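**Student:** Can you read through this structure? Questions will come right after.
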Amino acid sequence: MHNHSAAHHPPQGGEFSLKQIFAPLLAVIIGTFMVILDSTVVNVAIPTLVEYFDASLQSIQWSVTAYTLALSAVIPLAGWMSDQFQAKRVFLASIGLFTIGSILCAFAQTTEQLIFFRVLQGIGGGMVSPIGMTMVYRLAPPHQRGSVIGMLGIPMLLAPALGPVLSGWLVEYVTWQWIFLINLPIGIAGIVVGRKWLPSFPSMQAPSLDMKGMILGPLAFSMITFGVSEGGVSWTSARTLTGLVIGGLALILFVISCLRHQQPLLELRVFRSSDFTRGIVISWIMQTALFGTVLLFPLLLQQMKEYTPLETGLIMLPQALGSMICMPIAGKIFDKVGARPPLLVGMTLITGALFTMSCLTLDTSLAIIMSALFLLGSGMGLSMMALNTHVLNATPRHLVGRVTPLTSASQQVISSFAIAGFTGYFASRMTANMAHTTAEMKMLQASAASFGETFFLAACIAGAGLIASLFLRKPKQQEAATNEG
């Protein structure tokens with residue numbers, strides 16, 4: 001296996017230094033940074049957007065959900081596209097499309113336009129990360145891959161930290177349009193650096209494209225998200241049932257088509273490995289609890305506690321800080337004792353933090369909120385690192401390349417389901433609580449109660465993940481994995 005991949009590497013052994021691949025790595029980092037930044041900048045601006053477009057929270061949340069759904073639709077195509085049209089070209093074109101989508105978002109006049117342009121952005125952004133990952137993987141010699149991919153991890157941790165602060169500042173002191181316009185200079189920088197420094201990897205013979213999967217997948221995921229979003233209001237309404245039934249049928253057909261196709265869009269055969277399945281199911285439970293609430297923090301801080309957008313971004317910093325501190329620690333623990341210890345600690349922290357958030361009242365001190373966010377971030381860093389590595393180790397060796405699209409796409413899909421579901425649930429609790437409270441304190445008390453109930457639901461889901469983590473064990477292929485690199 002090594003000889004094949006060594007073909008495109010810089011010289012191995014002592015001569016390799018990060019300097020050699022710094023420039024191409026920079027191009028990938030800029031691209032990845034921009035895409036991840038954009039999935040977080042919108043969150044803090046949500047209250048502003050609700051006001052600007054005079055729309056409901058549920059219709060504005062589609063500007064977030066549509067983006068994640070578009071990401072999930074194109075992530076699986078990344079491998080095929082880069083085989084067909086050369087990785088470098090597709091990478092640069094994706095950044096280009098993403099940048100154009102960003103500019104259009106800034107000029108959106110209606111909620112529908114904003115949602116449509118966010119889809120464009122997502123279609124561009126979806127390929128940047130997976131293709132970037134693969135290029136970096138091929139640039140670095142095997143024994144250095146860990147540290148090089150670690151460098152790629154920096155933007156993945158920095159972007160979510162900077163996103164809320166940057167967008168809070170822009171929304172408050174400039175205008176919300178700038179959370180999208182800021183991508184123009186970053187995008188141009190990425191394209192310039194990439195054109196000059198990214199090596200052209202030889203194109204491979206592209207496998208036949210799984211057309212059925214390409215149509216059924218996105219259809220299934222977007223319809224289910226729609227159903228879940230409407231489900232927050234009522235699980236029996238015609239809209240909810242239409243979404244869930246069409247989505248469910250499309251999903252079943254999608255799975256059948258993936259299992260039958262020689263080279264399917266998503267490699268579902270890995271689910272035969274029970275270790276893989278356990279790992280990814282736990283990771284889905286965790287993502288539901290985490291991503292479902294990600295939209296609610298900025299809302300809680302701005303609406304209930306009346307902080308400005310910038311203050312909100314700054315208050316959310318400890319969460320990113322916690323992740324940044326704990327991720328490398330988790331890596332070290334993982335190498336020594338496997339996934340379970342860091343995962344159990346991480347899931348306990350997440351459950352505890354979400355439970356704390358569910359007990360918030362109108363006069364909870366800032367210190368408590370920030371501590372809870374720090375714990376949440378730490379738990380996230382510990383568990384995510386442990387789970388991602390576990391899932392890769394549990395994958396049968398010949399399928400490793402096909403698993404990244406599966407895990408990335410499913411993460412975006414779960415994230416869409418969670419955001420839609422929690423937003424819907426929050427909206428319906430709001431309606432119910434408004435009915436019970438008296439007029440004067442109505443809005444604030446109702447929102448405090450609704451946030452509490454929504455975070456409590458998230459804490460319960462995280463608790464279920466914690467219990468599931470007890471059933472994780474070391475993958476059987478551990479030896480094979482370590483010997484091969």
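Just so it is clear, glycine is given a Cβ too, placed from its N, Cα and C backbone atoms.
Just so you know, TrEMBL annotations never went through curation; they're auto-generated.
Below are the features listed in TrEMBL for this protein:
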- 21-47: transmembrane segment (TRANSMEM)
- 24-477: domain 'Major facilitator superfamily (MFS) profile' (DOMAIN)
- 59-78: transmembrane segment (TRANSMEM)
- 90-109: transmembrane segment (TRANSMEM)
- 149-170: transmembrane segment (TRANSMEM)
- 176-194: transmembrane segment (TRANSMEM)
- 215-235: transmembrane segment (TRANSMEM)
- 241-259: transmembrane segment (TRANSMEM)
- 280-301: transmembrane segment (TRANSMEM)
- 313-331: transmembrane segment (TRANSMEM)
- 366-387: transmembrane segment (TRANSMEM)
- 408-428: transmembrane segment (TRANSMEM)
- 448-472: transmembrane segment (TRANSMEM)
**Student:** Under 8 Å between C-beta atoms and at least six residues away from its ends: which parts of the chain pack against the transmembrane segment (408-428)?
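**Tutor:** Answer is 56-58, 61, 64-65, 68-69, 71-72, 75-76, 126, 129-130, 221, 224-226, 228-234, 266, 280, 283-284, 287-296, 450-451, 453-454, 457-458.
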**Student:** Need one number: mean pLDDT over the domain 'Major facilitator superfamily (MFS) profile' (24-477).
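**Tutor:** A mean pLDDT of 88 is what the model gives the domain 'Major facilitator superfamily (MFS) profile' (24-477).
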**Student:** So if I exclude everything within five residues of the ends of the transmembrane segment (313-331), which remaining residues of that chain have a CB under 8 angstroms from its CBs? That is, six or more out.
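**Tutor:** For the transmembrane segment (313-331), the nonlocal Cβ contacts are 44, 150, 153, 157-158, 160-161, 163-169, 297-298, 301, 307, 342, 346, 366, 369-371, 373-386, 389.
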**Student:** Counting Cβ pairs under 8 Å to the transmembrane segment (280-301), which of 21-47, 59-78, 90-109, 215-235, 448-472 comes out on top?
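**Tutor:** The stretch I would name here is 448-472.
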**Student:** With pairs 6 or more apart in sequence, are the transmembrane segment (215-235) and the transmembrane segment (59-78) linked by at least 3 Cβ pairs under 8 Å?
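**Tutor:** These two segments touch.
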**Student:** What else in the chain is close to the transmembrane segment (59-78), if you only count residues 6 or more beyond its ends and a Cβ gap under 8 Å?
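**Tutor:** Apart from its flanks, the transmembrane segment (59-78) reaches 38-39, 42-43, 46, 49-50, 53, 90, 111, 114-116, 118-123, 125-127, 129-131, 134, 213-214, 217-218, 221-222, 225, 229, 265-266, 295, 405-406, 408-410, 412-413, 415-416, 419-420, 423.
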**Student:** Cβ pairs under 8 Å only, please: of the recorded stretches 90-109, 149-170, 176-194, 448-472, which one is richest in them relative to the transmembrane segment (21-47)?
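**Tutor:** Counting Cβ pairs under 8 Å, the winner is 149-170.
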